[in-house]
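What TrEMBL annotates here:
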- 12, 13, 14, 15, 16, 17, 119, 157: ATP binding site (BINDING)
- 16: Mg(2+) binding site (BINDING)
- 34, 58, 80, 141: substrate binding site (BINDING)
């Protein structure tokens, strides 16, 4: 039976961009969990954070994640923090194939700095604060991210190289 593929990794790791590429390559549906939440709630993730706070967002995110169990022919890009709450990583590992898109701190800073205003957790951070935040959060989240069935270091790889490596790894699972 086909199972969902869950993409995990820090914000800016390429989950959405790579997820679309992987879904097209595998002829699967692509679901961005954040966009899925926005569609269901009728407001942006930033607005949910602002109105309800991170704790309530994480509860909502968990509920929506559980609803993806029947999306067996999908590639699902999760939020950067999704694996770290409510045993979400164990759920994803038990019901699908998890892939951690690993990116080093400097590459994440370079990717996130220009787009930080669209990301509620980093919108108010200057470059040095952003670097410290990413470094600290990556350390906190590493135990969850590293539970993934497939770990793909994408720091120096093009999306097409990553696709080749991940496709090969998926064939072995």
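Think of each number as a place in line: the chain as shown, counted from 1.
Backbone N, Cα and C atoms are what each Cβ position is placed from, and that goes for glycine too.
Remember, predicted model here, so these are calculated numbers, not experimental data.
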Candidates 13, 16, 17: member of the binding-site residues with the richest Cβ shell (10 Å): 13
Chain-internal residues, separated by at least six, CB under 8 A from residue 58 (substrate binding site): 81, 85, 86
Separation of alpha carbons, residue 34 (substrate binding site) and residue 16 (ATP binding site) (Å): 10
Pairwise Cα distance for residue 15 (ATP binding site)/residue 34 (substrate binding site) [Å, integer]: 11
Winner by Cβ contact number (other Cβ atoms within 10 Å) across the binding-site residues 15, 119, 141, 157: 15
Distance check against residue 80 (substrate binding site) for the binding-site residues 12, 13, 17, 119, 157, keeping those with Cα within 10 Å: 12, 13
For residue 58 (substrate binding site), the three-state class that DSSP assigns: helix
Maximum Cα-Cα separation in Å among residues 34, 58, 80, 141, which the record lists as binding substrate: 18
Between residue 14 (ATP binding site) and residue 141 (substrate binding site): CA-CA distance (Å): 17
Among 12, 13, 14, 15, 16, 17, 119, 157, the record's ATP binders - longest CA distance, Å: 24
Those residues of the chain, 6+ apart, with a Cβ under 8 Å from that of residue 34 (substrate binding site): 45, 77, 79
